[in-house]
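Below you'll find the structure, written out as structure tokens, and then a few comments.
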């Protein structure tokens, strides 16, 4: 039972609780209309201190498709944060007016702080380069739907593995399922943080390999998870420009991959996946975005205790 829990980190839920969410998501996918009134009278607060299109729209569409309503802001200048109001005060006030809160904030650990002051469930919609657990729910649901389960996969993760919060969350989550292996593809400047390597992978004896070129491992992966080089995480413009075009997935590279491999991406993409790949049947990133809405519908329904 996950009613009234916060979702700050993908590890906040047990594997059994995640399966409960995925089971409901499957039911919603099969018959969305059946669930179109379950959140009538409920209000989602959306507090986005960082720009977002897909995550914010996904949350808002999810609540609206459940029959609920939305209050919130899409950037801090339109809130009292621009006047210097503390995060704790904002959360205390918003939790009076809403039943559940989705928050994105540039500071790592901000979602955890928010949960200490909220009287309603807090969903972390991204806190700096730290965690993005609802993207992880989206990713897991996509893998479960398209690859027949969450175990025994070789997962290639390519691009910005240092600052990419979706990457950190995905590795932590998929490490809980047996038989998964990771191929970590990045320039040396953007390798995974030490705590992921040591505390998640090595500590749990999970097989992984770090490489610098996509071509040398693309034929081995079942799931290729592409990420963009995130300009907003760089203080040095020259370093960003040098690394931006490090890895571009195109038709030629796709020809080296397995016929049943799937390509995922948390979006937005810049140029790391060529548009020609969109027409390949293995391109799953737009279906992944669609599944994200259903994952968030199931999550909010469970946290609110309406299902």
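A Cβ is built for glycine as well, from the same backbone N, Cα and C atoms used for every other residue.
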Out of 104, 176, 242, 244, Swiss-Prot lists as part of the carbamoyl phosphate site with 54, 55, 132, 135, 267, 268 the residue 104
Cβ neighbour count (10 Å, all chains) around residue 228 (L-aspartate binding site) is 19
Minimal Cβ count within 10 Å, across the binding-site residues 54, 104, 132, 165, points to 54
For carbamoyl phosphate, residues beyond 54, 55, 104, 132, 135, 267, 268 with C-beta within 8 angstroms of the site's Cβ centre include exactly 52, 53, 58, 125, 126, 166, 266
For residue 268 (carbamoyl phosphate binding site), the nonlocal same-chain Cβ neighbours (under 8 Å, six or more residues apart) come out as 53, 54, 228
Residue 165 (L-aspartate binding site) -> DSSP, reduced to three states, gives helix
Cα of residue 267 (carbamoyl phosphate binding site) to Cα of residue 165 (L-aspartate binding site), in Å and rounded, measures 12
CB neighbours within 10 A of residue 135 (carbamoyl phosphate binding site), counting all protein chains shown, number 25
